[in-house]
Amino acid sequence: MRKLDKNKLAFLLFGIKFGDSRMQRSLIIVKPDAVQRGLCGEIMKRFENKGLKLAASKFMLVSRETAEKHYAVHKEKPFYDKVCKYLSSSPVLVMVWRGKDAVELARRVIGATSPFDASPGTIRGDLSMSKTSNLVHGSDSVETAEYEIPLFFSEDEVLSYDLCTDDWLE
């Protein structure tokens, strides 16, 4: 019987190509609308199913100050106040996911910003009902993730660990 190369297995199982990318971290926020609808578990499952590894999680109320820092890039835009108020209006689930190409992979799992443009099979395409309350935030670049993560987690809260399947997928 021929042994299957672990990189080929990873591609077949998860659509992930290893060796041409590096380990990344991505900040994911399950927003108030998703928490209120009881979608936290469904959303987490989608990231795990894509081979990402949960490195940190926190169920919390985001302060207005933290929301403003998080959305600082949008400060001059007309929706800035509304998104800051929304993010701090109700509990959210804040997470850090790790993996090869984690930022891009997480963005594909999430889908387009507008649920009307999001593909079926994505979180927003399948579950979102509103353009403004679009269920989840995901870092849009490695640099953004490295800015966002310390807003919610200290470095010792973000774990790095091995899974029994890691040897198969690296």
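The backbone N, Cα and C atoms fix where each Cβ goes, and this holds for glycine too.
Per TrEMBL, active site, pros-phosphohistidine intermediate is recorded for His137. Per TrEMBL, the feature ATP binding site maps to Lys31, Phe79, Arg107, Thr113, Arg124, Asn134. Residues annotated as domain 'Nucleoside diphosphate kinase-like' in TrEMBL: 23-160.
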Taking His137 (active site, pros-phosphohistidine intermediate) as the reference, which of Lys31, Phe79, Arg107 (the binding-site residues) have a CA within 10 A of its CA? Lys31, Arg107
Tell me the coarse DSSP state (helix, strand, coil) of Arg107 (ATP binding site). helix
Could you work out which of the recorded positions (Phe79, Arg107, Arg124, His137) has its C-beta surrounded by the smallest number of other C-beta atoms within 10 A? Phe79
By Cβ count within 10 Å, point out the most packed of the binding-site residues listed: Thr113, Asn134. Asn134
Span of the recorded ATP site, as the biggest CA-CA distance among Lys31, Phe79, Arg107, Thr113, Arg124, Asn134 in Å, is 22
Under a criterion of Cβ-Cβ distance under 8 Å and sequence separation of at least 6, what residues of the same chain contact Lys31 (ATP binding site)? Tyr86, Leu87, Val92, Ser133, Asn134, Leu135, Val136, His137
Per DSSP, three-state class assigned to the residue listed as 'active site, pros-phosphohistidine intermediate': strand
